[in-house]
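Notes to accompany the following structure.
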Amino acid sequence: MQGTVNRVSQLRATLTLSKYSLIATLRSPTSVVFSLAFPIFFIIVFGSLVGDSGGPIKVAVAPGCDTVNPIYKAIGQIRIVRLETGLSAAEISEAMKKGTIGTELNIVSDGGVGAMIPHYRVTLSGTDSTSRGMTLLRPVINATIRELDRRVFPKNPSLAAFTMVRVPGHLHKTIDFVLPGQLGFSLLMAGVYGSAFLLFSLRQNFVLKRLRATPVRKRTIIGGEMLSRLFFHVIGFMIMVGLGYFIFDFTLVNGWATVVEMLLFSLFGLGIFMGIGFIISGVVQNEHSVTPVANTLTLPQILLCGLFFPIESYPHWLQDFCNILPLTFFVEGLRKIAFDGMHFWKLPVQLGGLLLWTVGIGVWAVKAFKWE
């Protein structure tokens, strides 16, 4: 009986702490601006962008493509084309789903039209998400083939037959890339900065010291803070997803069931980012040190984890580092759930990475926690 009463008391304490922590967070201009206003602003700005950026069109060279013929060399010299070589079929398919590569080029020889003149089949494949590349490249490649026919083989049939193939795929909009990144941005800022400042303030004002003299346990305080951050995140999450879905046509493959899975997946990110905030509050010596330390841990992730542009844009040596950061695992997981319709338990890389970070950060956060 005594144990049951104690558990009920701890639960009430957790709910009470979470209630007042949530009120404090909602009254904090810093929390509202960085965790809600900024992400919403970025969603509106990037969601309003129409079409592609107008830069070079990335064209993946298919495995087995003939790269020693004059057509391939001529296409490689087109200024709006950037050929991507050395990719496997699986890598090309994944890149086209993400929209990081526009189309796939394949050139094969199918014999010759004469004793000395070869003939090629040029195939350009793309999904609905790469319509810009397909539309622009069609007349350019046709003109390239005609120019080769005119200059090199003026009195013979065409050197090549050009075809375009549409492969199944979703329309990849800018908002589909940006919104999951901003959900990660919001959770990162709320978890790290909110927890760090709140716990340091409670310790500095001797609130934690007074709580230590009560039957309240350490895990009750941590649980109350996590519950508060969870409520705050749900509020921001629903606002941002609703804005993206109803205004900018954000893709939710499985409808609102996808939203539920994204929320459940957010629990892993919440634990990691709050843990980082707990660690910061435990190691800094004064209030003025919280922001510099938090910036050191969050700004690199904001820049390197694919929130605003693909990680593939970085040099290869930097991509390996980007891919092991917790925010990368979290944002990539959200994108796969929302756009590809995958269940979060079928994301072994993202889920495994987040679990490892959760365990490591959790152990460190418990050790760094201080009452006074």
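Just so it is clear, glycine is given a Cβ too, placed from its N, Cα and C backbone atoms.
These figures come from a predicted structure and were not determined experimentally.
Summarising the annotation, TrEMBL assigns transmembrane segment to 32-51 (among others).
Per TrEMBL, the feature domain 'ABC transmembrane type-2' maps to 130-372.
Among residues of the same chain six or more beyond the transmembrane segment (183-202), those with a C-beta under 8 A of the stretch's C-beta atoms are 21, 24-25, 28, 30-31, 34-36, 38-39, 42, 208, 225, 229, 232-233, 236-237, 240-241, 262, 266, 269-270, 272-274, 276-278, 280-282, 284, 287, 290-291, 293-294, 297-298, 301-302, 305, 307, 327, 330-331, 334. Annotated transmembrane segment per TrEMBL: 183-202 (among others), in sequence order.
Taken from TrEMBL, the feature transmembrane segment covers 227-248 (among others). Within the chain carrying the transmembrane segment (227-248), a Cβ under 8 angstroms from the stretch's Cβ atoms is held by residues 14-15, 17-19, 21-22, 25-26, 31, 35-36, 39-40, 43-44, 47-48, 173, 175, 179, 182-183, 186-187, 190-191, 194-195, 259, 262-263, 266-267, 270, 274, all 6 or more beyond its ends.
Same-chain neighbours of the transmembrane segment (260-280): 183-184, 187-188, 190-196, 199-200, 222, 225-226, 229-230, 233-234, 237, 241, 254, 290, 293-294, 297, 326-327, 330, 333-334, 337-338, 343-344, 351, 354-355, 357-358, 361-362, 364-365, 368-369, counting only residues six or more beyond its ends whose CB sits under 8 Å from a CB of the stretch. What TrEMBL lists as transmembrane segment is 260-280 (among others).
The transmembrane segment annotation in TrEMBL covers 292-311 (among others).
Taken from TrEMBL, the feature transmembrane segment covers 347-366 (among others).
Distant neighbours of the transmembrane segment (292-311): 42, 46, 98, 100, 177-178, 181-182, 184-185, 188-189, 192-193, 196, 276-277, 280, 283-284, 318-319, 321-323, 325-328, 331-332; these residues of the same chain sit at least 6 beyond its ends, with a Cβ under 8 Å from one of its Cβ atoms. Tertiary neighbourhood of the transmembrane segment (32-51): same-chain residues 26, 132, 174-175, 178-179, 182-183, 185-186, 189-190, 193-194, 232, 236, 239-240, 243-244, 247-248, 250, 308, selected by CB-CB distance under 8 Å and a gap of 6+ residues from either end.
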